[in-house]
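Student: Quick paste of what TrEMBL says about this protein:
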type: TRANSMEM; residues: 12-28; note: transmembrane segment
type: TRANSMEM; residues: 57-77; note: transmembrane segment
type: TRANSMEM; residues: 102-128; note: transmembrane segment
type: TRANSMEM; residues: 161-181; note: transmembrane segment
type: TRANSMEM; residues: 202-225; note: transmembrane segment
type: TRANSMEM; residues: 240-258; note: transmembrane segment
type: TRANSMEM; residues: 270-287; note: transmembrane segment
type: DOMAIN; residues: 314-419; note: domain 'FAD-binding FR-type'
type: TRANSMEM; residues: 535-561; note: transmembrane segment
type: TRANSMEM; residues: 573-598; note: transmembrane segment
Amino acid sequence: MESRVVRAAIRLLLTVICLGICMMWIMLPTNTYRQKWRASITKRVLSTYFGTQGSNILIWTFPVLLAAALGSLYLHLGKNLNENVLHSNERKRRLALWKRPLLVKGPLGIVSGIELAFLIMFISLLIWTLATYLHNGLPTITPKVAAKYGVEVWQMKLFDIALWIAFVGNVCLSFLFYPVARGSSVLPLLGLTSEGSIKYHIWLGHMTMVLFTVHGVCYIVYWAVTGQISEMIKWSHSDVSNVAGEISLLGGLFLWAATIPQIRRKAFELFFYTHYLYVIFVLFFIVHVGVGFSLIMLPGFYLFMIDRFLRYLQSRRSVRLLSARLLPCDTVELNFAKSPGLSYNPTSIMFLNVAGISKLQWHPFTISSNSRLEPDRLSVIIKSEGSWSTKLYQMLSSPSSVDRLEVSIEGPYGPASNHFLRHDTLVMVSGGSGITPFISIIRELIYRSKISQCKTPNMILIAAFKNSSDLTMLDLLLPMTGSPSELSNLQLQIEAFVTREKQPASDNSKRVRSIWFRPHQTDIPMAAILGPNSWLWLSAIVSSSFIMFLILIGIITRYYIYPIDHNKNDFSTAIRAVLHILVICFSIAVTASAAVFWNKRQYAREAKQIQNMDGQTPEGSPDLMPSYNADRELESLPHQSLAEATKIHYGERPDLKRMLFDCKGSSIGVLVCGPKKLRHDVAAICSSGPAQNLHFESISFSW
């Protein structure tokens with residue numbers, strides 16, 4: 001009861017903070033903000049400790065980081081209340097109406113009603129910002145003012161318009177990093193997941209680069225027509241540095257060019273590696289505009305840096321890989337040891353790095369296991385579809401298979417609640433390897449029906465495969481230690497379609513092969529980097545690192561910058577920017593490392609217990625040896641326990657419209673994962689008029 005009261009208070013405070021932040025974005029381009037509000041706040045907070053940027057810290061940086069810290073505390077208090085989410089089904093169903101897809105086959109992909117509403121509001125903010133700058137600024141540009149600077153009126157207007165376009169670009173940049181801060185509290189507070197938010201990062205990235213490119217081109221044109229082309233190589237001491245801006249823009253353009261879909265699909269490594277140019281882009285952007293102005297976009301990047309550093313710490317050690325199941329459809333299931341304290345919800349993902357293939361490449365995969373049904377194991381399913389996954393399958397399937405893989409991970413990341421439980425019926429539509437997130441959902445419902453004795457939704461799995469050998473993926477619906485009887489309490493119907501074969505394959509000798517590895521003593525079970533109370537620790541990191549930043553930058557400003565500058569902005573812009581960046585990095589590194597080190601003690605005890613349990617198997621046992629002795633024959637069909645629930649259709653594709661409209665019930669959740677065309681087809685059906693009871697959700701893992 002106390003947790004609910006505290007959560008309600010935090011929710012109210014977060015609402016007030018968010019409304020205040022929205023109001024400040026609306027007021028930012030107005031004369032009222034610049035000439036009255038900010039001038040008054042600057043006068044009050046101007047000091048020898050924070051200089052003239054103290055007002056921007058108070059207005060822009062502090063509220064967002066306070067909201068992030070409070071949001072983490074809110075999620076921590078609600079962690080134990082997740083079992084009660086079903087009590088608010090009616091409200092969630094009303095919200096689901098807003099999530100119905102409105103746009104399906106456009107350049108933006110599948111866009112729901114609520115996404116379209118927020119997109120329109122955000123674009124309206126950009127238009128309002130630019131229009132306000134133009135309305136307030138253009139009338140002040142007269143022939144007399146232009147003559148004072150030795151230019152014509154249109155040239156001066158071009159100069160100022162280029163500047164105002166950059167201000168609009170900064171609005172986009174301020175939101176750019178929130179969708180990719182995978183572990184921050186911002187996304188789950190908004191009911192979003194990291195993989196589902198990538199498209200917002202893409203939209204914002206395109207808008208940012210378009211606006212900044214126009215900004216840069218306009219200035220180059222201005223310098224060319226006014227005979228000031230030498231300004232391009234100007235590195236100002238205490239003013240705007242043009243060279244820094246050009247370096248930032250070039251870094252952004254190279255990064256942006258690599259995101260072209262054709263390049264991303266055919267040269268993913270180029271796309272992946274050029275994304276590290278964001279460091280150059282942001283660093284020289286701060287040097288270009290100065291610390292004071294960059295504090296407006298800093299909060300999103302600050303939260304991203306915390307998340308990035310925690311991911312770095314997590315990826316430093318190899319995890320304990322126990323076994324693998326190799327399927328004849330070029331698919332592998334990897335099984336890791338995990339700490340019982342590590343919990344995650346269905347459809348969660350994690351990032352894998354296999355040093356034997358590439359030390360730099362990280363790839364996201366769906367977690368197929370259930371943290372409560374399998375408290376000491378975590379599984380992921382990987383299908384050979386690209387060069388990296390193909391190398392992994394070949395490495396494991398070769399006769400001289402390795403006895404250990406050096407694997408590092410980042411994650412897991414996933415939804416904050418089991419939102420799919422609100423529906424009466426679940427229809428899961430998959431294409432190929434898109435079945436993997438639905439395996440985690442089915443295992444969650446197995447747990448609920450078997451252990452918790454909870455009422456579970458009726459389930460219909462519509463799975464489309466190219467070949468009959470792919471049907472063996474249905475065998476992964478049960479964990480390695482699962483019993484066929486575990487499906488008996490579920491209302492599960494499986495409709496499997498083999499599109500490229502008109503009859504079962506004649507080769508019945510295909511096998512699923514199990515390999516057991518020899519983990520090294522230094523390999524650790526998977527665990528949350530901040531322990532079971534990760535949201536509470538994240539709140540502490542955000543707040544304590546920001547406090548440390550304020551203390552250190554206050555000391556540096558008071559005793560190093562102020563004696564030179566005297567709050568007149570005469571200090572080197574580049575040196576000030578570098579000092580602020582270094583202090584931010586230091587503050588985050590110290591506080592995050594301390595939190596990880598504190599949690600590592602409990603984590604080490606659990607890891608030792610797990611290793612002792614693994615070590616109880618007699619030396620030389622097949623369970624510890626890399627082995628194919630655990631092979632079992634399959635006839636390219638699902639396990640016998642699933643046969644009664646499975647109907648296989650050869651040589652045809654599913655009639656999705658008929659199958660979805662035949663579903664009866666007031667609330668039918670339609671989850672789809674697979675190729676783009678499949679997702680669009682299902683979205684179009686769910687957005688049609690007769691489909692009022694169909695609630696669409698796309699699960700896409702195309703990064």
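Placed from the backbone N, Cα and C atoms, the Cβ positions cover glycine too.
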Student: Can the transmembrane segment (535-561) be said to touch the transmembrane segment (270-287) if we require at least 3 CB pairs below 8 Å and skip pairs under 6 apart in sequence?
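Tutor: Not in contact, no.
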Student: The transmembrane segment (573-598): which same-chain residues, six or more beyond its ends, come within Cβ distance under 8 Å?
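Tutor: That would be 235-241, 244, 283, 286-287, 290-291, 294, 302, 305-306, 309-310, 313, 529-530, 537, 540-541, 544-546, 548-549, 552-553, 556, 561.
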Student: To the transmembrane segment (12-28), which of 57-77, 161-181, 202-225, 240-258, 270-287 is linked by the most Cβ pairs under 8 Å?
Tutor: 57-77
Student: Take the transmembrane segment (240-258) and find every residue of the same chain, 6 or more past its ends, with a Cβ under 8 Å from one of its Cβ atoms.
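Tutor: For the transmembrane segment (240-258), the sequence-distant neighbours (Cβ-Cβ under 8 Å, at least 6 residues beyond its ends) are 205-206, 208-209, 212-213, 216, 219, 231-234, 264, 267, 270-271, 274-275, 277-278, 280-285, 287-290, 573-574.
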Student: What are the helix, strand and coil residue counts for the domain 'FAD-binding FR-type' (314-419) according to DSSP?
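Tutor: Summed by class, the stretch gives 13 helix, 41 strand, 52 coil.
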Student: Using Cβ atoms and a strict cutoff of less than 8 Å, what residues sit near the transmembrane segment (202-225) while being 6 or more residues removed from its termini?
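Tutor: Result: 108, 119, 126, 155, 158-159, 161-163, 165-166, 168-169, 172-173, 175-176, 179, 231-232, 242, 245-246, 249, 252-253, 256, 259.
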Student: Express the predicted model's confidence over the domain 'FAD-binding FR-type' (314-419) as a mean pLDDT, rounded to an integer.
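Tutor: Across the domain 'FAD-binding FR-type' (314-419), the average pLDDT comes out at 88.
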